[in-house]
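First up is the structure itself, then whatever we jot down about it.
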Amino acid sequence: MTIDQSQINFNVPSTYKLEEIVGEGAYGLVVAGTHLPSGTQVAIKRITPFDHTMFCQRTLREIKLLRHFHHENIISILDLIQPESYEVFNEVYLVQELMETDLHRVIRSQELSDDHCQYFVYQTLRGLKALHSADVLHRDLKPSNLLLNANCDLKICDFGLARSSAKPPPGTSDGGQGFMTEYVATRWYRAPEVMLSFQEYTKAIDLWSVGCILAEMINGKPLFPGRDYHHQLSLILQVLGTPTMDDFNEITSQRSKDYLRALEFTRRQDFSAICPKAKPAAVDLLKQTLTFSPSKRITVEEALMHSYVEAYHDPHDEPNAEPLKPGFFDFEFHQEKLSRDQWKRMIYDEVQDPVPTILSQWTESH
């Protein structure tokens, strides 16, 4: 089925045939289509970010990061549709690989076998290793951001909240609210240190999300479906128990310490009781990813060597990514001073830079 291009106001070249709407978000629409010259099936994401600075930031992050990473378990950018001029530049069109579904939909529609859980966790960790090797935190890992196709290939998507874990350059500001501001990721997959405002977030926040995703695949429902901030923390503590003194002392926020002190003591629950279908190796991986203290949490490299994913682990085929160039995230540290027009100009310049992919090469050579 071909949709009417004028109906949805998609300004893309005639080299693309639009077929169906496959997703809609706060500031974007995703349409499945075909790149006619090559016959490649694609997803075209139309983003309209210029009404809000936050959307501009996310869009610029996403384009820059998708351009940087070339990895089997990270969604790739195939093309950026170039606008006719800066004056008519009101939308961004990102062309990506078309994936048939996502893990959220799969979990809701069927019970996953342990083999599926292993393979999906392994691929998530493999993609995450590439991100972390470049000092990038995803910060919003959740089932709907893990795209899947019929072969069970998994790709991490949505880098709008991703940030560098490197320290801000000297003499720059991150808004004065502590390292890592503007955190609005889905509450259910947020690590305790995010909830309790530890001074800095580390790569460990993504491993917490992996643990939540594994438990959700095993149980068929979210592990910590908090209704609000207080309920979310309560659900986490019902499972992990009251923090030990060592864990408690890692918290840098006095307000968070006072909040925890006021709560009733709770005993730790066993993950084998919470996830009764889980194999012993899965239970062990849950224990090591879902720790209260980020310093005690397993790293992505350690998780790839865990017995739960040993059927897939191949140290020679789990590549690191190229390091980010110095200044890659510089725009983050001047965000308060930038006008909307300056954001627009930066995104325009990024879009003007061609993406060297199969699609662009095909179009140029034919």
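Including glycine, each Cβ sits where the backbone N, Cα and C put it.
Among the features that Swiss-Prot reports, active site, proton acceptor is placed at Asp140, with the record citing sequence analysis. Swiss-Prot lists Val22, Gly23, Glu24, Gly25, Ala26, Tyr27, Gly28, Leu29, Val30, Lys45 with the feature ATP binding site, giving sequence analysis as the kind of evidence. What Swiss-Prot records for 17-302 is domain 'Protein kinase', and it gives sequence analysis as the kind of evidence. Residues or ranges marked as phosphothreonine in Swiss-Prot: Thr181. The annotation phosphotyrosine is assigned in Swiss-Prot to Tyr183 on the grounds of similarity to another entry.
Cα-Cα distance from the residue listed as 'active site, proton acceptor' to Glu24 (ATP binding site): 18 Å (rounded to the nearest whole number). When averaged over the domain 'Protein kinase' (17-302), pLDDT in the model lands at 90. Counting every protein chain shown, the Cβ of Val30 (ATP binding site) has 18 other Cβ atoms within 10 Å.
Fewest Cβ neighbours within 10 Å among the recorded positions Glu24, Asp140: this applies to Glu24.
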